[in-house]
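Take a look at the structure below.
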Amino acid sequence: MPGSLPLNAEACWPKDVGIVALEIYFPSQYVDQAELEKYDGVDAGKYTIGLGQARMGFCTDREDINSLCLTVVQKLMERNSLSYDCIGRLEVGTETIIDKSKSVKSNLMQLFEESGNTDIEGIDTTNACYGGTAAVFNAVNWIESSSWDGRYALVVAGDIAIYASGNARPTGGVGAVALLIGPNAPVIFDRGLRGTHMQHAYDFYKPDMLSEYPVVDGKLSIQCYLSALDRCYSVYRKKIRAQWQKEGKDKDFTLNDFGFMIFHSPYCKLVQKSLARMFLNDFLNDQNRDKNSIYSGLEAFGDVKLEDTYFDRDVEKAFMKASAELFNQKTKASLLVSNQNGNMYTSSVYGSLASVLAQYSPQQLAGKRIGVFSYGSGLAATLYSLKVTQDATPGSALDKITASLCDLKSRLDSRTCVAPDVFAENMKLREDTHHLANYIPQCSIDSLFEGTWYLVRVDEKHRRTYARRPSTNDHSLDEGVGLVHSNTATEHIPSPAKKVPRLPATSGEPESAVISNGEH
């Protein structure tokens, strides 16, 4: 066919394109799910056991999607001593929409102003919880295309997941993850191994532009999630089997071939059920299952059809029990952030990746294949895989990315526990004020983590102004400008901590860098 390459043609791509660095941000306060059970008057264990959730992070009216993303981007740049001119693509995945026209990415460009770097491709990508993964794929595709100019891509996934009071509220959360994408990475995207499923469904959607709350069909949402997992896993297995056959290896792919398996996590119990679901797929796909000891006791389920089992309690119970050890080995560690902070929508699955990288040594991770299932309602889903580099030596890229996340658990533990009634008051405040113009947030900034960007005001034209709570690493904004090396030998740019010019502080606010998404 004209314009097509022959199937056996080989192209030349940059080597080992993947995740070079990762940063995660979550707010400084949470509500305890056991206390929330008491406050809501539900049975003990409904949230903690039934959903598998221990704590739920939330933000006050001082934080919005722009401030979350400003914070996580600047923290990634600072932690890795990166210059802002080394970014050639910046894309945001989010479903937290505060402006139907102006992108979150355009707000983030304020961090790049003093560097003079405005030649940055990318924009916002939205489809429920899948937008972050779509942005990641766009970044990888850019680096592997003729458009690539040799610089890094930066992907930001972030959301504020909140629900109206009721059964869905304990499945909320908030957070953002920034991923630096480039060649020679320690966590590499497996080329040609994506299993995708797209379908029209009204399982979860947000049609009311004046509300942050979604419309949710809980039962349909679970069915859509599990059916998408079935389809994506089937496509992935076919693609990797085809690759293996080209390499002379004739075998079926199973869960055992993943070193780790991570999922988009609306709540932890669904992830455990999903791992069991993949085990069910392996079982039904194994022509010799009667001879395989790992399926002992499951013989009665040999004739079930996947589409008939979404809510079959007997199947669910049997395969969760049979896959319990696999869950402990391959998935349980990935639920640290989800269990302690809740659902972060687009950044949820990348919080799971951060959890794995934070809890295993480079030596334990080296050479492992990580399965990743990303799901967004509506619906869009992909199962793909990452391959961890073999180089786990001190000072290696793998050593650096794990070291940068080693404080994850202590950061989660350093948050402040807030009483359920205070949490409910904050949710009501957001409900009443998130859409207002000419608004000054009411909550204090004193409880914010150092280095957190926060909302200062929304003016009469809905233009938002932000400031950053000073960090001990900032020293003084008046003590000259620190320098970090760019990726060229002759250039220097101001340190990321000094990117934004300081404006006079508003009444009652500490002096700090201030930026606005309106006129300066």
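Just so you know, glycine gets a Cβ as well, placed from its N, Cα and C.
Per Swiss-Prot, active site, proton donor/acceptor is recorded for GLU95 (among others), and the stated evidence type is sequence analysis. Within 10 Å of the C-beta of GLU95 (active site, proton donor/acceptor) there are 27 other C-beta atoms, taking all protein chains into account.
The annotation active site, acyl-thioester intermediate is assigned in Swiss-Prot to CYS129 on the grounds of sequence analysis. The Cβ of CYS129 (active site, acyl-thioester intermediate) lies under 8 Å from the Cβ of GLU95, ASP159, HIS264, PRO266, TYR345, THR346, SER348, VAL349, SER374, TYR375, GLY376, SER377, each on the same chain and at least six residues away in sequence. According to its DSSP assignment, CYS129 (active site, acyl-thioester intermediate) is in a strand.
Counting every protein chain shown, the Cβ of HIS264 (active site, proton donor/acceptor) has 31 other Cβ atoms within 10 Å. If you look up Swiss-Prot, you'll see HIS264 (among others) marked as active site, proton donor/acceptor.
Secondary structure at HIS264 (active site, proton donor/acceptor), taken from DSSP and collapsed to helix, strand or coil, is coil. The (3S)-3-hydroxy-3-methylglutaryl-CoA binding site annotation in Swiss-Prot covers ASP43, ALA44, CYS129, ASN167, THR171, SER221, HIS264, LYS273, ASN343, SER377 and is backed by similarity to another entry.
Around ALA44 (CoA binding site), the same-chain residues six or more apart in sequence whose CB sits under 8 Å from its CB are ALA34, GLU37, LYS38, listed in sequence order. DSSP assigns ALA44 (CoA binding site) to coil, not to a helix or a strand. Swiss-Prot lists ALA44, GLY45, LYS46, ASN167, SER221, LYS269, LYS273 with the feature CoA binding site.
Under the heading phosphoserine, Swiss-Prot lists SER4 (among others), citing similarity to another entry as support.
If you look up Swiss-Prot, you'll see LYS46 (among others) marked as N6-acetyllysine. Within the same chain, residues at least 6 positions away in sequence whose Cβ sits under 8 Å from that of LYS46 (CoA binding site) are GLU37.
Annotated N6-acetyllysine per Swiss-Prot: LYS273 (among others), in sequence order, evidence recorded as similarity to another entry. Within 10 Å of the C-beta of LYS273 (CoA binding site) we count 20 further C-beta atoms, all protein chains included.
Annotation source Swiss-Prot lists phosphoserine at SER495 (among others).
According to Swiss-Prot, the phosphoserine annotation covers SER516 (among others).
Sequence annotations record features per position, and here Swiss-Prot assigns region 'Disordered' to 487-520.
For ASN343 ((3S)-3-hydroxy-3-methylglutaryl-CoA binding site), the nearest neighbour among the listed binding-site residues (GLY45, ASN167, LYS269, LYS273), judged by C-alpha distance, is LYS269.
Of the listed binding-site residues, namely ASN167, THR171, SER221, ASN343, the sparsest CB environment within 10 A is found at ASN167. Mapped onto three states, the DSSP output places THR171 ((3S)-3-hydroxy-3-methylglutaryl-CoA binding site) in helix.
In this structure, the CA atom of ASP43 ((3S)-3-hydroxy-3-methylglutaryl-CoA binding site) is 22 Å away from the CA atom of LYS273 (CoA binding site). The distance from the Cα of LYS269 (CoA binding site) to the Cα of THR171 ((3S)-3-hydroxy-3-methylglutaryl-CoA binding site) comes to 11 Å.
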